[in-house]
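One structure is given below, encoded as structure tokens.
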Amino acid sequence: MSRVSQARNLGKYFLLIDNMLVVLGFFVVFPLISIRFVDQMGWAAVMVGIALGLRQFIQQGLGIFGGAIADRFGAKPMIVTGMLMRAAGFATMGIAHEPWLLWFSCLLSGLGGTLFDPPRSALVVKLIRPQQRGRFFSLLMMQDSAGAVIGALLGSWLLQYDFRLVCATGAVLFVLCAAFNAWLLPAWKLSTVRTPVREGMTRVMRDKRFVTYVLTLAGYYMLAVQVMLMLPIMVNDVAGAPSAVKWMYAIEACLSLTLLYPIARWSEKHFRLEHRLMAGLLIMSLSMMPVGMVSGLQQLFNLICLFYIGSIIAEPARETLSASLADARARGSYMGFSRLGLAIGGAIGYIGGGWLFDLGKSAHQPELPWMMLGIIGIFTFLALGWQFSQKRAARRLLERDA
């Protein structure tokens, strides 16, 4: 086996262990934020939505800067610094009794993610061969689902005693992850050339096809982020107990572990990436619309199952499509910018979703936020379809002219 192949194989195992630590640290804390501050402390959902949206927007919106800096200086220093910063954010969250302190803790957490997330994504693109990326992203998603359940179960158990224990556990896991990267991650370059920060960012901004695709995905993310805000609140309201939230993540884990990899393997042989992304988005959108009209936990979990199936179909295709469009000369910048759709969609989804949830509750129209999210998903589906049809038309025109 050549040294390059050996490095790739070892890199896969490193990425999987690193991903598990990050997922556990994140899901111990974040799914319980809405339960802690809305249900237990009586805050308005929009206040918590602002905090979650702030974290999302900072982490993903500034990702292009984190990626461009990593292109220049390498992945290791950015990843270690970012993970320690997230640990500090979680420690601060444990003592948050005023909205401003929760917002500050989410700001710290988001800045940490800005530093470590783009270089981690770029390492996947660097180490995994193009023909293997779809399957590897599926493995990461399966791991995400299992880690989400374990993290949510651990966090729910700790929440019975003290929310500070929840946050301390998340902080410790990120400190461990920082130590793991500091000890074992080689000083790898992310790009084929050492790209100056400004040049990497400029290269991305001039790629109009990539920019349009990323911004359109904001609508997709408005739906996806509700697993952190409105769906846990809805499950808690219907069940009457925060402990039911862990079953929501258990459903995701069961579906992901049994269906994600087989669906990815089968669909990559029969369907284009864009068709898989659009099909998953359509299922997610349609499953959102009736959520506000259900009154039983079984009905709600059925819709959540449908939502997760849509995500299982869409997410590996979205990740693979984003990676395939990235320029190898500025991988960090591209993967950082690819998070901008999540920044915009996540911020609007959290803040707008929280506001619509409060509005629907006060107006005795609980279906309002869910119908709006479904409509947004349908419009995003149509916009993606138009983009992909334009790309195919341009390709056919070039082939004919040739």
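Each residue, glycine too, has its Cβ placed from N, Cα and C.
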Swiss-Prot topology check: Ala70, Asp237 same side of membrane: yes
Swiss-Prot annotation (transmembrane segment) - matching range among 63-80, 99-116: 99-116
Among the ranges 139-159, 214-234, 244-264, 340-360, the one whose Cβ pairs under 8 Å to the transmembrane segment (277-297) are most numerous: 214-234
In contact by Cβ distance (the transmembrane segment (139-159), the transmembrane segment (165-185); 3 or more pairs under 8 Å): yes
Long-range environment of the transmembrane segment (139-159) - Cβ separation under 8 angstroms, sequence gap at least 6: 15-16, 19-20, 23-29, 31-32, 35-36, 124, 165-166, 169-170, 242-243, 245-246, 249-250, 252-253, 255-257, 260-261, 312, 315-316
Secondary structure content of the topological domain 'Periplasmic' (361-367), with strand meaning DSSP E or B: 2 helix, 0 strand, 5 coil
Seg_contact(the transmembrane segment (340-360), the transmembrane segment (300-320)) with at least 3 CB pairs under 8 angstroms, min sep 6: no
Recorded stretch, among 13-33, 99-116, 214-234, 300-320, maximising Cβ pairs under 8 Å relative to the transmembrane segment (368-388): 214-234
